[in-house]
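**Q** This is the structure I want to talk about, given as structure tokens.
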Amino acid sequence: FFPQVDSANAGRVLASDAAVFLKKSGLTDLVLRKIWDLADTDGKGILNKQEFFVALRLVACAQNGLDVSLSSLNLPVPPPRFTDTNSPLLLSGTASSDVPWAVKLEDKAKYDAIFDSLNPVNGLLSGDKVKPVLLNSKLPVDILGRVWELSDIDRDGMLDRDEFAVAMFLVYCALEKEPVPMSLPAALVPPSKRKPISVPGAMPLIPSSASTKESHQSLPPVGILAAKTPLTQ
């Protein structure tokens, strides 16, 4: 990413150039301003390579729902994503067929067994059938809401066998204290769902904002979240 912003090969990045690039992260101006303030330690309006790396790491933290703070720098997060065709990682989430699926074969077999035990109809499980399995994980309802959004890739309010495997994969990751991403990583898109165009389920879920207080406006129609949860936001 650094050579893209430091086109003059000066070993530093000006605030104006960095602002244009960081805006492609899809984060709000408020979050980006905080990231800049933390990265630009001496307040000169210029970032050296190390400071730019700090900014990138903080972008990744924000995109994965972590606090934008120096204490988050050592937490394990995927690389940041930017909506730019020249970037190594596209936010559009186009998964080429040669990217191995993150769900291992032996895990997929376990997830398939659970899927079949829930009596799918025409190869699909409704939200009503998936809900008890998700709630059984005892994960916070906002996390479960995000798991549903990410796994229902075709947005039909139902999960097929592969989408269910994605949901189970994300649940187990969350139980291992790994952050649930804000958008579906390319490696998690099932091979059956991969197309040359961008995958709907991998688009940013929160328009221009990946703050930790995002409101889940596209809740599953059957209410994966408990009915008593206030949804006024």
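The backbone N, Cα and C atoms fix where each Cβ goes, and this holds for glycine too.
Since we're looking at a predicted model, the values are computed, not measured.
What TrEMBL records for this protein is below:
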type	residues	note
DOMAIN	1-83	domain 'EH'
DOMAIN	27-62	domain 'EF-hand'
DOMAIN	107-195	domain 'EH'
DOMAIN	139-174	domain 'EF-hand'
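For the listed features, I'd like the structural context: burial, neighbours, distances.
**A** Through the fold, the domain 'EF-hand' (27-62) approaches residues 1-2, 5-6, 11-15, 18-19, 68-70, 72-73, 75, 77-80, 208-211 of its own chain, all at least 6 residues removed from its boundaries and within a Cβ separation under 8 Å.
DSSP states for the domain 'EH' (107-195), grouped as helix (H, G, I), strand (E, B) and coil, give 52 helix, 6 strand, 31 coil.
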**Q** Tally of helix, strand and coil residues over the domain 'EF-hand' (27-62) according to DSSP?
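**A** Grouping H, G, I as helix and E, B as strand yields 25 helix, 3 strand, 8 coil.
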